[in-house]
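Q: The structure that follows is given in the form of structure tokens.
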Amino acid sequence: MPTVLGFEGSANKIGVGVVRDGAVLANPRRTYVTPAGTGFLPGDTARHHRAVVLDLLQEALTEAGLTSQDIDCIAYTKGPGMGAPLVSVAVVARTVAQLWNKPLLGVNHCIGHIEMGRLITGATSPTVLYVSGGNTQVIAYSEHRYRIFGETIDIAVGNCLDRFARVLKISNDPSPGYNIEQMAKRGKKLVELPYTVKGMDVSFSGILSFIEDVAQRMLATGECTPEDLCFSLQETVFAMLVEITERAMAHCGSQEALVVGGVGCNMRLQEMMETMCQERGARLFATDERFCIDNGAMIAQAGWEMFQAGHRTPLSESGVTQRFRTDEVEVTWRD
């Protein structure tokens, strides 16, 4: 019964998780929250992670009721993500692995989300909509790879939402996306925004530029409210995501859809995906904020799968990379 400890810190969340044979034993997490109207810079985020990571490690072990002797492997996020936060967490993972004399595993962040989603929901071979602040991809498994069927050609959907939140000075606590979701529930008017689907790919930068340009004027003249703009942005970008996911499902003949990533917590997105799946006679699988949002357990779970399949990361190859595509990883643990 291998027990894997996972470190995640690719963006403004840092988490340490413990997984043993499909059971999540611990999954504490901290978030670096910046003032409204601002984003998070790599250096500041890395300093936050360094300040809390050892406390999180101890918290995870205590919650799981384990000691270092009970851990069989140390997994960490190799990428993709922000350089400085990735490095700060990887250094800790490498150090712990050497101090405890445990094997090390560098995990693809995106695959961590997918494997966590599969574990928690029980989905067998779903078409995956992976939506977060740094990534937007539609993925399906085939022949030992997670194949990317469609993706953003510029910024991620979560980045689009986060940057719009800065325009309206929406709070970053607990997250700008969550606060946009709550405001959107009170929206009454649908403002027409650019709808940009290009084949299987999507583009969000033009929508963001447009709404940034018109927001203050429309608000000043009373044409709409901040809630209307949040509602309109959500409806537009989520419709685009549902469209390309449905097209991928049709291509794959899939009867399962799985939503993962931080934006996957959004209940309106889940509702729209559920409607699409019902019309296709398919099933939707999704998780809540414990597992959708970046967390250590997802890295531990992907690490557990890799460990069981015989993967190991030599110390000489245990760096990080900001660009690490989902389809670069050979998925030897699936048939």
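Just so you know, glycine gets a Cβ as well, placed from its N, Cα and C.
Just so you know, TrEMBL annotations are computer predictions that nobody has curated.
So TrEMBL has the following annotated:
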type: BINDING; residues: His109, His113, Tyr130, Asp294; note: divalent metal cation binding site
type: BINDING; residues: Tyr130, Val131, Ser132, Gly133, Gly134, Asp162, Gly177, Glu181, Asn266; note: substrate binding site
type: DOMAIN; residues: 29-300; note: domain 'Gcp-like'
Q: Quick check: of the binding-site residues listed here (Ser132, Gly134, Gly177), which one has the Cα closest to that of Asp294 (divalent metal cation binding site)?
A: Ser132
Q: I need the most crowded of these binding-site residues: Gly134, Gly177. Count other C-beta atoms within 10 angstroms of each C-beta and give me the top one.
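A: For the binding-site residues Gly134, Gly177, the Cβ with the most other Cβ atoms within 10 Å is Gly177.
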Q: State the Cα to Cα distance, in Å, between His113 (divalent metal cation binding site) and Gly177 (substrate binding site), rounded to an integer.
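A: Computed Cα spacing between His113 (divalent metal cation binding site) and Gly177 (substrate binding site) is 18 Å.
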Q: Would you mind listing, in sequence order, the residues at least six apart from Asn266 (substrate binding site) in the same chain with a Cβ closer than 8 Å to its Cβ?
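A: Result: Gly177, Glu181, Gln234, Phe238.
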Q: At 10 angstroms around each C-beta, which of the binding-site residues His109, His113 has the fewest other C-beta atoms nearby?
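A: Across His109, His113, these binding-site residues, the one with fewest Cβ atoms within 10 Å is His109.
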Q: Around the divalent metal cation site formed by His109, His113, Tyr130, Asp294, list the extra residues of the same chain whose Cβ is within 8 Å of the site's Cβ centroid.
A: Ser10, Cys110, Gly112, Ile114, Ser132, Asn135, Val260, Gly261, Gly262, Met298
Q: Cα of Ser132 (substrate binding site) to Cα of His109 (divalent metal cation binding site): how many Å, rounded?
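A: Roughly 11 Å, rounded to the nearest whole number.
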Q: Using all protein chains in view, find how many other C-beta atoms are within 10 Å of the C-beta of Ser132 (substrate binding site).
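A: Excluding its own Cβ, the number within 10 Å is 25.
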Q: Roughly how many angstrom lie between the C-alpha atoms of His109 (divalent metal cation binding site) and Gly134 (substrate binding site)?
A: 11
Q: Measuring Cα to Cα across Tyr130, Val131, Ser132, Gly133, Gly134, Asp162, Gly177, Glu181, Asn266, which the record gives as the substrate binders, how far apart are the two most distant ones in Å?
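A: Largest Cα to Cα distance for the substrate-binding set is 18 Å.
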Q: Are there residues of the same chain, six or more positions away from Tyr130 (divalent metal cation binding site), whose CB falls under 8 angstroms from its CB, and which are they?
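A: The answer is Cys110, His113, Ile114, Thr136, Gln137, Val138, Ile139, Val260, Gly261, Gly264, Thr326.
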Q: Please work out the number of neighbouring Cβ atoms within 10 Å of the Cβ of Asp294 (divalent metal cation binding site), leaving out its own Cβ.
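A: That number is 27.
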